[in-house]
Structures are given as structure tokens and as C-alpha cells.
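Taken from TrEMBL, the feature ATP binding site applies to 335, 336, 337, 338, 339, 340, 341, 342. What TrEMBL records for 516-600 is coiled coil. Annotated domain 'Smr' per TrEMBL: 710-785, in sequence order.
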């Protein structure tokens, strides 16, 4: 990509804005080196890394990149055996801390399932040097000062030094407190000269304190004297300071030697952190612009939705749809010079450079932009008439160069093509240049004010015309791009609005040739139809959005309804079952007590009344609603067909299949609603068969006393079990300890059914087949509890 084109499209201004979002000089340097890539896969990767950075910003707001410093020069000094100062060591330690924090930060995101293939791999390359980081942290502070905790020796030296300095200050302060101090001293302060503590003594009293004169005031009236009484203490202090310096140098050399063993790792960590800073800067820049990650095309397809020029005021700039590369590869924007045609060119060109540099673009979601090998631009301000020849020559020289380099992977932006020369010749040249550009396979967007090019898009299948809308009422362009409609002159309308006589306008119209007038009328009609179509389209979109929202609300309400219904039924069933079970338990207890009373000779209690009461209690027990899906034999999966009745499992609703969208999805009619439903969420409903009438047999109690045996031979299975249930109640009330149930041998079906029933009866203690004398296995003997 040519640097000249980057300058014309003002890509350098984008980079300058981007640097404001970097957290370190490393990020800033990466931005300064940023250039559009031309390899499709490289552009894909850089866009993906920016999108991952934006995802992290959305989730966490920021990343722990603060404190990153360029330490490459420090590492070079270590490579040649040099020692680092305290600040340089601290900066390396800060980078190690940022490396650890960034790795932990990224691991936390990956552990909760955030998809970050590129940045996750980048963070895997960071090496945590915790011990080295901690050694630096206890040795130097952010100003580069070596801390007392760096070594025991340094700590001891500094304690002794502080005590010595305290003794010096105490001695000198005693002079300041002396009652003659105000007379002999120029000021009651302790100061330092030649790195030794002194006091300001008036010239005439210099002999009173003795010691060493280190300095004097400009007037010579004040001498800065180190009294003899503190000379030895100051000497001791100086010696301790020398020891301190020696120990600090030893510590720094030791740490430098330790860091030298990790030069490669620290170098790589710093490089990776610089990449992170660069990527997060791109993400934050995109967020500030309200930009999106575009779809990328390797086939020259551009479909920008509501694209904005990133360097213009976002509140004022007009967003435009720009599409190219599918139905046509050339757009010719015609119309007056003040309509904003050049802004459209620069918007397309600049957004292309940004996208190919891995930056998000200011447009709406689902925008597509092509990746080009070359972007050419011939854009420049028109000069005065006196300079017309040089202007034309300059543009033509540039165009010649473009046509020599252009290929099928090129985007060419021509501004005011053919301008600066005779209009007729300029228009002819413009048409020929556009045709030559197309023959080279390039994608082209050109602007012109020549009316001769208004028909270009109608005469060539690869091209279309466009214009920038002009508001005649306000006498100003709206900057709205109208693809498919050529620009027209608004001179007559503007003149009328400004008060020019209608007679003059009418005469002027008569002087325009018929063909030009008809063309303007056609363009005007096209504009009216387009405006009407856009209004109707927006209304349709609004209705569609409303219907979609209504459908979502209905689906939600249906789901909530059935969930609530199931919950209420389950709660009611459980409550009813609890009540009835409690009632049955109480009934059993009452019956047991009544039977005991009967055995003890109680009068007035009739057996059939008790049996009827027990039966009514049993019938009163509700059937518990069972939500478990019944087990059915496995069958071949049903092949759905249009018209099948189905159940939508997630909604619990029945519906009818309308048509198949794919193997995984159907359109289903559910009541008045048509919905798209996944095939896996459908269950086939068999057509209902006519129900057969069941013959119900009623068994009535005769009221006669119960016998010690029950003969079931010849009975149907269901009737037999009903009789067994009734008989056991009667036998229990009669007080029999055991009874015999005669079912016969036969096929054994009745015997098996009776046996299973008796095993589950709560008042049966045991069962056995009869002995030979009792009837063998044709009889079951029942013993009660």
C-alpha cells in the first residue's frame, strides 16, 4: 500500500488518534508502525485479535496493562555485562508484575469459557518469574531508591547512619536553643553545605563556635560553620554514607547479574505485553468510535451499512450505505461540486485502510468490506483557472501511474475525473479512463460534475450511477448517497428559491436542449420514486420488528403459561394425595377399632355399612397426576411430512407441520401463530382411533355374612380382582384370621394376578398355595395381619 495514498486518505490522522489509547511507549511504537496488510488471512487474524480485545473490554472494562515500560535498552546493557540502576531494575520488575497479572487475568477469562483463541495463545507465551519479581520488589521502589530490605548489611548501615545524623542535629539544635543564639546566629536553622551539617553564624562571632567554615553569604555577613563539636560526628556520618553507597552498588550489581540469566524471557514477555497494549488500544479506539468488526470479502465485495467518516464529527456526519462488487464494479458519482462527493470517496478509502490494518470501522453490524492488494487515489483540491494546466497535468500523471500498476485486486478512487481541461474533451477522457480501469479488473469509484457521464451507468452493465442528495428547500446538500440515481443540476430550482424572475428561468429552460431536459426530468422522477420506496421500506421494517417482538413475547408467555400450569397441577395433586392418604389412614384405624368392638360383642354395627363406607373412601382417593413419560417399545423414528400433527415439546403445544425448512427445522402452525421449530423439538402425534365402549360391571354387596373362602373360577381377570378386594374387606371385618381364594389351575394367569395383588395388600401377612387336601396350587391361602 502506497504511503502517498495513506496520506491522501488521512490514515496518519487515524494512527495519531489511536496512539491516545495506548498505555505504553511500546503500544505507541506498534501503532506508528501500523500499515494496512494485503494478505487476506493476515487481515482476518488482525481483525479477530481486535474483536477478542473488544470482547475483553466489554466483559471486564479494562486489562491490567498499566505499568508496562520499554526495557529493551536495559536488556542490551545487561547483555554486554553492564549493571542497571535502581529505576531500570524497578521498570523490569514492573514488567514482570504486569506479565504475571496479565497471565492470571487471561486464565480467569478462559476458565469461565470465554472464547479467545488468539489472545489466549498469546498469554500462554508469557512466563511468570515470581521469585525474580519479588526480589526486585523488596529491593527497589518506584523512584529507583534501594530499600532497607534489600540486604541486612544495608539495613544496619542505615540505622547507624540515622542515629549519627540524629546526634549531629541534636548538638546543633542545642546551639539554636542557646539564649545568645539570636545575637550570634543569622537565623535559627540547621542547613547543609558540602554535604555537612552547619549553622549560619554572624561574621563577628565566627570564633565563638570554632570548627570549619564551609561557605558564606553573598554579603559576607553570614558564615556557614560546622562547629568543632560535630566535626567528628559529621566525619562518621560521611564514612557511613560511603559504606551505604558501596552496599547499594553491590546490591544493584547482584540483581543485575540475576536478571542477566533471564534476558531472553524478559525480552519476550515485554514484546508480548507490547502486543497486548497495541490490541487493547485498537479495541478501545473502536469502542470510542462505536465501530464494528466488518465481514471480510476476498472477492472485491463491499457492502457498508451506515458508514461514517471517522475523522468527522460523529454527531453531524451523515452515514451512508456503500455497496460495490456484486451487481457492478464501477460507481460514477455525478452532481455539483458542493455535494460531498469527495467525502464519500475518502470514507470508502479510509475505511478500507482501517479494516486492512485490523481496526474496527464506524458502520453498522453485518457490514462487509473487501481486502485489496492496492488502493489508489487521485484526490486533490481544484486549483484556480490560471493553474488549470498544471492541475490537469498533475492529475493525468497520477492516473497514468495508476493504470500502469492496477490489477484485479485493486480499488481506484478518482476525484473529479477529467477536470481541469476542456469539458467536452475532459468528459471523453473520463469515460475512456473508466473503461480502461474496468478492463484491468479494478473496482472503481469516481466523482465528476460532467453531465456527459450521467448515462455511463446505463450504457455499461458493470457500472452504475450515483449522486449526493441536494435539498432544494434549504439550498444545501444532505450528503446522502443515492446509488442508482445520477446527479442533476439544481440551478433552476436554486435560482427560483433565491428570487430570480420566473420569466428568466423559463427562458433559460428553453435554451437547454430537449435531451438534457428529459434526462433531468427522468432523474427527478427517479429521486421521487426512491424516496417513496425508502419510506415504505422503513415502515415495513418497523412493522416487521413489531411483529417479531410480539412473536417473542407470545412465545415467552406460552412457555410461562405451561410451566405455571404444570406447577399448579403438581402442587394440587400432591396436596390432594396428602389429604386423602391421611383420611385413609384414619379410616383404617376406625375400621380396626370397630372390628375389635364387634369381636367383643358390640351391638348395632352392620357389616355392610362398614364395607360401603370403606368403599366410598377408596373411591374418593384421586388419581395422582403422573408427569413421567410412559415407557413404550422402541420404534423406528417417524419421518415427518407436511400435514403431520405434532407436539412442540418445549412449549407443550400441538401443531401442524406446514413445510420443511431444512433437515433440522420446520415451519409449524400453532393456533394462529406460525413458528420456526427445531426438528428435535417435535414429537409425532398418532391420529386418534375411534374409542370402543367399555362394558362396566357393577358389583353390589348382598349384605350376607362373609364366607371363609372365595371362588373365582370362571371369572374375568378384572372382575376377579374387584371381587378379591371387596372380599378381603368383608373377611377382615368378619374377623377371619385366614381365608382361601379358589382361582383354579388353568393357564395360571388368574393365579398370578391374584398373587401379585395379595402381595401388595397392606393387611395381608402371608400367602401360600393350598396343601393337597386344600386344593393344591388351585387355591391360595391368605393369612391376615
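Note: Cβ is positioned from N, Cα and C throughout, glycine not excepted.
Just so you know, TrEMBL annotations are computer predictions that nobody has curated.
Annotation: 335 carries the greatest number of neighbouring Cβ atoms among the binding-site residues 335, 340 [cut-off 10 Å, Cβ to Cβ].
All chains included, 18 other C-beta atoms sit within 10 angstroms of the C-beta of residue 342 (ATP binding site). Computed over the domain 'Smr' (710-785), the whole-number mean pLDDT of the model equals 82. Residue 341 (ATP binding site) counts 27 other C-beta atoms within 10 Å of its own C-beta, drawing on all protein chains shown. In terms of DSSP helix, strand and coil, the domain 'Smr' (710-785) has 35 helix, 19 strand, 22 coil.
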